[in-house]
Amino acid sequence: MQVKVNLENNTSYNVYINELEKLNFDTKVVILTNELVAKLHLDTLLEKIQAKELFIIKIKDGEEYKNLQTIEYILNQMCAYKLDRKSLLISFGGGVISDMGGFVASIYQRGIEFINIPTTLLACVDASVGGKTGVNNKFGKNLIGTFYQPKAVYCESRFLKTLPSRELAAGMAEFIKMAVVFDETILSFLENLNEDKFLNAKLDDITLAQIIQKSIELKASVVSQDEKESGLRMLLNYGHTFAHVIENQTGYKKYLHGEAVAIGMNMANVLALNLGLLSEQECQRVQNLLAKFKLPISYKISNTHEFYNAFFLDKKTHFQKINFILACGLGKACIKNDISKEDILRTLEVFA
């Protein structure tokens, strides 16, 4: 099963679903992974790879390590291994690894090729596809980064079988995001999906592959039309404006990214409801679906004005205008940058 991401300037690539066979490289290869993934799956991957020379860099697991300090460590290791411009980097892990691996590949010797092999559902359905790379700093999430496309992406169901239910649910949040923004029919599919099988990693490979394929097809279509996020691609940030503030305020430790996105989607829906863009029934339907997959939908805001001011560090804020991605009915979304401060604060007060 393959999905093509069509891009200009000879940067198109394929996403392969359950098609990882032998990978042979006539160059030096470095695998970037974390300690947990290495323990669970690295031996399986190593059986698939042949290279002129093969190196492994392991980092600690967690969003709190997605920073410039870790990037410097990775770059120093790559220099020590004498990797050159013809070398290849393989990002083998979740969204944090794919974000950092892509960023490192984009800046090491001004750019080397890289491949994503995601090991979380969230990375399969979202983070590993599209070319967004980056790290966090004390001011916010992904404020330092590049657009840099992978050479290929390999999504394998076998690597998802060891995921705890919380990680699977976090990935589902990004799929629900796609449904609300682009395709209402997915909501019905998910409402009929057996959540117990899904959350216990017992969903059959065919259904799991269908979820991954559908999400990637939607994202590939968007990225093909708007690679650098100048318009249409911004819709993929539905829920993220709120989520990034939540993640930053909690030090990237309390919530997985998908969990923060779930809360952010609910907050965005409350704002859309208050503006008359979304009905109460539609808002409730999304809430119910998030709850079905054991995702959080609420966050206690201690200071609404502080939360509001954090929006101005969001990458979608232009000329001091906050661009909110809101559902305008289910299956479609819109960008709103003319919402009054009063309306925004009124929504934040619901969660205070």
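One is the number of the first residue shown, and numbering goes on along the chain from there.
Using N, Cα and C of the backbone, Cβ positions are placed for all residues, glycine too.
For the Zn(2+) site, Swiss-Prot records HIS240, HIS257, and the single candidate of GLU174, GLU184, GLU191, GLU306 listed with them is GLU174.
Distance noted between the C-alpha atoms of GLY95 (NAD(+) binding site) and HIS240 (Zn(2+) binding site) is 15 Å. A Cα-Cα distance of 18 Å separates GLU64 (NAD(+) binding site) from HIS240 (Zn(2+) binding site).
Listed binding-site residues: SER98, THR120, THR162. The one with the lowest count of other Cβ atoms within 10 Å of its Cβ is THR162. Cβ neighbour count within 10 Å across all protein chains ranks HIS257 highest among the binding-site residues HIS240, HIS257. The residues near the Zn(2+) site, meaning same-chain residues not in GLU174, HIS240, HIS257 whose C-beta sits within 8 angstroms of the mean position of the site's C-beta atoms, are LEU122, ASP126, ALA173, LYS177, GLY239, ALA243, GLY258, ALA260, VAL261, GLY264, in sequence order. Taking Cβ-Cβ distances under 8 Å and a sequence separation of 6 or more, the neighbours of GLU174 (Zn(2+) binding site) in its chain are LEU122, VAL125, ASP126, SER215, GLY258, VAL261.
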